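Participant: Sharing the features that TrEMBL gives for it:
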type    : residues               : note
BINDING : G167, G169, K170, T171 : ATP binding site
DOMAIN  : 156-288                : domain 'AAA+ ATPase'
DOMAIN  : 367-436                : domain 'Chromosomal replication initiator DnaA C-terminal'
REGION  : 1-85                   : region 'Domain I, interacts with DnaA modulators'
REGION  : 88-110                 : region 'Disordered'
REGION  : 123-339                : region 'Domain III, AAA+ region'
REGION  : 340-460                : region 'Domain IV, binds dsDNA'
Amino acid sequence: MEKNDLWQAALAKLEPSISRPNFLTWFQETGIAGIEGGLATVFVPNGFVKEWLQNKYHKFILHALREITPEIKDVSYLIARPERSGHAPLAKDPVKKRHSPADGTPLSDDLSIRELSVNPETNLNPRYSFSNFIVGSFNELAYAAAQSIIKNPGTSYNPLFIYGGVGLGKTHLIQAIGNEVLRQNAQKKVRYVSSEKYMGEVVDALRNQEMNNLKEKYRSVDLLIMDDIQFMARTEKMQEEFFHTFNALYEKNKQIIISSDRPPQAISTLEERLRSRFEGGMIADVGTPDVETRFLIIKTKADEKGVVVPEDALRLVAERIKTNIRELEGVLNKIVIHSKLSNSPVTKESVEKILVTHALAPKKFVSGKKIIKVVCDFYEIKERDLVNSSRKKDFVRPRQIAMYLMRDELKYSYPSIGDRFGGRDHTTAIHSCEKIAEELKRNFELEEEIRLIKERIFSE
Ligand code: ADP
Ligand code: MG
């Protein structure tokens, strides 16, 4: 097979498992430079893409290539321009045709309706405000820090680092800060960005030789809000780039707000310089709301929607839905739709039914493989190291956690757990599970880590 065709075929295999904007960001202007002695060399436009493909997609790329050409044993990456042999490597790809910036179509067909109200200048969504943000003991520290920043940006709490699990209001809170700062002073330059979008912008800017513009864009703001920074931690070059922007702003006393799913010290691949910068500011967590707060949240949201739900029905929802606020909203939406469709008032009984169906709704497919994958992603280690025999502490602990989760969530037998981890004895599996279960009783940090891992297992 001709190398260009081979690459197109491999991309066709990769594409369905990657979101479209991501696919375009990381695979544009890539191709195969050559294949020699089982080694395929993939050319990439710059070092950012190189690092990202190596760290994040290497396994998938190799797998896709080998499915087509089994002789390929490994892949290396090379920074190079595509050969000028007529068309650019992705040109024949139908996906590229649909989204190609060449025909002037931006990626905007990926925007959902909700995102359409996003201000393109600031990236802020006006729906996130403090007027619809409920404060309780679970988020009061983060809230207080936010208020203090609005009063005195760039001084006392810089940077502000907010962390917590999925659906607990991090994005809402940090965007609300941006919206409020602008409400008080429309002259301020505020920019919100998720780390994934930021990485895409950096890669695009490099491709179009617009890096100076991009630097200027980020270094001229009064308030920079970077959401979900944990995704950036996989790539050193990106962190390096961000570090310079961070410093440029910091030195000018411009406010920086960062969010993550865990505290800086728990992001193992976070560059030391960034970590110590983050730790030099204010770090606040967002926990899970207690039942009273959940009740208040769902009541407020029902009122906002103008739907009448009896108090006992709302209580029922608050008692049952414990994990996160996004799920609370989801159930409320179901209640609203149900009442509209059936054209009848909401009662405790009708809500009870909805809750039962909600609880029975098929959970996302969870397998042992998935647990291994998520645990490895979480601790940023290779699957090989998790299942194999290494006794290094970095691997032993995640391995015990993965074993524990297989037992606890999937009820796997101990011998089968041992098998999955390089044929270990079942007594090792028992020991691991018991150790983690025992430690969970007193180690709060471990409890938090396992909660985050479970969230990922069930949400992805
Ligand atoms: P995260 O970024 O932590 O995953 P989000 O900010 O996206 O969570 O919040 C999930 C949903 O819950 C959003 O629709 C948000 O508006 C809502 N929400 C979160 N926290 C609160 C809160 N304290 N009060 C009201 N609504 C909230
Ligand atoms: Mg978020």
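A Cβ is built for glycine as well, from the same backbone N, Cα and C atoms used for every other residue.
Curation does not apply to TrEMBL; its annotations are automatic.
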Participant: Let's see if you can do this one: DSSP helix, strand and coil counts over the domain 'Chromosomal replication initiator DnaA C-terminal' (367-436), in that order.
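Facilitator: Across the domain 'Chromosomal replication initiator DnaA C-terminal' (367-436), DSSP assigns the residues as follows: 53 helix, 0 strand, 17 coil.
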Participant: Should we count any of the binding-site residues G167, G169, K170, T171 as near ligand 2, judged by a CB under 6 A from one of its atoms, and which?
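Facilitator: The qualifying binding-site residues are K170, T171.
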Participant: Over the domain 'Chromosomal replication initiator DnaA C-terminal' (367-436), what is the model's average pLDDT?
Facilitator: 90
Participant: Please compare the binding-site residues G167, G169 by how many other CB atoms fall within 10 Å of each one's CB, and tell me which has the fewest.
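Facilitator: Checked G167, G169; of these binding-site residues, fewest Cβ neighbours within 10 Å: G167.
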Participant: Starting from the Cβ of T171 (ATP binding site), draw a 10 Å sphere and report how many other Cβ atoms land inside it.
Facilitator: 18
Participant: Cβ within 8 angstroms of the Cβ centroid of G167, G169, K170, T171: which residues besides those meet this for the ATP site?
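Facilitator: Along the chain, the qualifying residues are G164, V166, L168, H172, L173, S259, V286, I325, R326.
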Participant: Restricting to the same chain and to sequence separations of six or more, state which residues have a Cβ under 8 Å from that of K170 (ATP binding site).
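Facilitator: When sequence neighbours closer than 6 are ignored, K170 (ATP binding site) has I162, Y163, G164, D227, S259, V286 within Cβ distance under 8 Å.
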Participant: Per DSSP, what is the residue count of the region 'Domain I, interacts with DnaA modulators' (1-85) in each of helix, strand and coil?
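Facilitator: Per-class counts: 45 helix, 18 strand, 22 coil.
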